Structure formats: C-alpha cells, structure tokens
Amino acid sequence: MEKTSMFSIHEGKPIRCKAAVSRKPGEALVIEEIHVDPPQAYEVRIKIICTSLCHTDVSFSKIDSGPLARFPRILGHEAVGVIESIGEHVNGFQQGDVVLPVFHPHCEECRDCKSSKSNWCARFADDFLSNTRRYGMTSRFKDSFGEDIYHFLFVSSFSEYTVVDIAHLVKISPDIPVDKAALLSCGVSTGIGAAWKVANVEKGSTVAVFGLGAVGLAVGEGARLRGAGKIIGVDLNPEKFELGKKFGFTDFINSTLCGENKISEVIKEMTGGGVDYSFECVGLPSLLTEAFSSTRTGSGKTVVLGIDKHLTPVSLGSFDLLRGRHVCGSLFGGLKPKLDIPILVDHYLKKELNLDSFITHELKFEEINKAFDLLVQGKSLRCILWMNK
C-alpha cells in the first residue's frame, strides 16, 4: 500500500473532526465537531498526532478586549502531525511526512531569512493577527452551524486536523518520538536556542537564568550543551530547583530568601563579579533590571525572553551600557525553524539533548481542560495531549 492511500478519501474535501474551541474568554474549552477545509496554495492539511500547551495558550484564552480577543478560536501551537493533503505550489513536502508546525515563520526567500545574522522573517513575521498566512482573515475552520472559527498563531493544534502554511512547517525525522518532537515547536526550542544561538554561551562560562518555567529550564539545557561551568537558576518555587538539576543547573537562588540583598548582588558574590550571561524568562521589568545588573562589567550579556503583558518601558543605566554590558531580545531563541529544528532533533537522537524531563503529564485530548488547570496551578511543565489514545 502506498503511504498516501490512507489519506486519499478526504483529499480536496472538508473534513469533520473534533476540536477544543475557546468560545468565551476565561471559560473552559469546548470539545465539539468542526469542519476543516482543504488546503489552498502553499498550504498543507495536517492530522495532529499529539499537542502540548504552554502559558501563551492560557494567556490568550483569557484576553477579553482589544484586537487579540478573538472568539471562537482554536488555540494550540505546539504539536506534531502527519501531512494528510497538500495544496498547489507546495514543494519539499508530501503526504505522509511527519511535520512540526511552528508559530514563527521562515519563508526562506526574504533578506532576513537568507541572512545568518537574524531569524526574523521580513516577509511574514510582522503579521501575527491574520487567520491564514497568505489569505488574511479567511478561515479554514467552521463550526457545526457554518460559522467561521479564528485560527491561532497560524497553527491551531487543538484540533484533530489543521491547515498550516508551508512557511510555518518543518519536516522532521520520523525516528524521534512524536511527544518529544512536539516540545520543539515553541518553548523548549526558544530556551535552548537563546543559549546556543543568541548568547553563544562558551565552555566554562557562568550563566544565570531568571524564571524556571519550561523556557528557563530549556535555557539551562542549552547552556549545559554548550559546556557552561556554572548555571544559576532563580525562582520563587523551591520545587523547581531539584527539577533544574536534570537540565544542568548547578546553583539555585530562591529570591524570597535574599533578605535585603538584591538578587544581582547575591549572584555577583557567588561568581566573583557577575555572570557572563543572564536570561530573563518571566517578563517582569524589575527582573530584567536585576538580570542586567547581575552580569559582568565589560562583557556581560543579558538575553530577554519574557514578555511583559503591559509592554512597560525598561530603564537601564547608560553608564553600565557604556562600560560594555549588552542586552538583546530573543524571538524563538534566534532559531531559523527549517534549519535549526532538525539539528535539535539530531541532538536528541544522539542522546545529547534532554527532552524527556520536560514532559510531566500525558492526557487524552478530551481532558484538555485538566491540562490547563495543571499548568495554571504550577503542577505541570509540559503536558502531552494525545489525539487517539
């Protein structure tokens, strides 16, 4: 049997399937039957095998005003699937390929995509509000009443089937377990890449990571892979400290136990003047200031991964900048999805990269609201939701 034959019955036609739909802000997702249209030019339709969720999904499910408050919507942006059907002008992909949908675009054609200096995509990355990458607000999802459902970050993986533009698609080796591969769609890649590509952490260097969620722990894993000599984790939750050891963390600071001392002062004392690299993974301006102050004068580098939901301006000392400290942002860890995710997959297959420890729970897709609760309560790092288990 050809590997495409299992998909041919639905090719070119709408598919009925289950999806978890976010109907109203702050309310539980609703499992319902939807229709997923066939892919158009430069798109593929994917059968999702498994998906996970991160705090971005939780945050967007609660937004109740402004342009980001769109309902009904299918959330989800970390997943692995198999290509079910292909639209016109799709090159490099075929039915049956195992693929990773990624929120960050990589068109491979614009100036930035061709440059080694950036992972920005000048062609597509400025638009994160449309439903489909090349067709604006046109939706590929309809509910049982024929009403459109909004997409999310060009992925929408909380559905048995979804339609994704090839600029957001990475073909991966079928040898990697799909639950581990799903982690590379967003948070874990973001953290590893920040240490690997953005900071370019050197062997024997010192690192401080502020916030030990999945992204922060992944920064530690990336720093470990690069051979960092000391990796300091900063968090309010002491339970994260034991977990952090699995990802290479050597030292921990509970910020509530610092007394009158600033976190940056404690770090400077521990390292003899400050760390070579610091990473802010929470999104608090005050924490960014501390991360910046914790680095060495003359060469210290601070990488910003957290997003302040209020977009508050940050004030940094001009004299500190003048004396050689650096600060930079990091979107998706500086990774070019189509080039760098396969490299991370290869590291995992060679048993060099720890992905297994990020998965703390596995549930059926129908239990998705339980997964949300676990994440909000701080009991889950990454929960894998299986579509057909």
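Each Cβ is built from the backbone N, Cα and C atoms, and glycine gets one as well.
So that you can see what the record holds, here are the features copied from Swiss-Prot:
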type: BINDING; residues: Cys54, Thr56, His77, Cys186; note: Zn(2+) 1 binding site
type: BINDING; residues: Thr56, His77; note: alcohol binding site
type: BINDING; residues: Thr56, Gly211, Leu212, Gly213, Ala214, Val215, Gly216, Asp235, Lys240, Leu305, Gly306, Ile307, Phe332, Arg382; note: NAD(+) binding site
type: BINDING; residues: Cys107, Cys110, Cys113, Cys121; note: Zn(2+) 2 binding site
Between Cys186 (Zn(2+) 1 binding site) and Cys107 (Zn(2+) 2 binding site): CA-CA distance (Å): 18
Binding-site residues: Cys110, Cys186 - member with fewest neighbouring CB atoms within 10 Å: Cys110
From binding-site residues Thr56, Cys110, Cys113, the one whose Cα lies nearest Leu212 (NAD(+) binding site): Thr56
Euclidean distance between Cα atoms of Phe332 (NAD(+) binding site) and Cys186 (Zn(2+) 1 binding site), Å: 7
Alpha-carbon distance [Lys240 (NAD(+) binding site); Cys54 (Zn(2+) 1 binding site)] in Å: 17
Check: same-chain CB within 8 A of Zn(2+) 2 site center, minus Cys107, Cys110, Cys113, Cys121: Pro105, His106, Glu108, Glu109, Arg111, Asp112, Lys114, Trp120, Ala122, Arg123, Phe124, Ala125, Ala167
Distance [Cα-Cα, Å, rounded] between Lys240 (NAD(+) binding site) and Thr56 (Zn(2+) 1 binding site): 20
Between Cys121 (Zn(2+) 2 binding site) and Ala214 (NAD(+) binding site): CA-CA distance (Å): 25
Residues that sit under 8 angstroms from Phe332 (NAD(+) binding site) by C-beta distance, when 6+ apart in the chain: Val102, Phe103, His104, Asn119, Cys186, Ser189, Thr190, Gly193
CB within-chain contacts under 8 A for Gly216 (NAD(+) binding site), separation at least 6: Gly191, Val209, Phe210, Gly233, Asp235, Phe279, Cys281, Val282, Leu305
Nearest recorded site to Gly306 (NAD(+) binding site) by CA-CA distance, among binding-site residues Thr56, Cys110, Cys113: Thr56
Protein Cβ atoms within 10 Å of Ala214 (NAD(+) binding site), excluding its own: 24
Local backbone state of Cys107 (Zn(2+) 2 binding site), from DSSP in three classes: coil
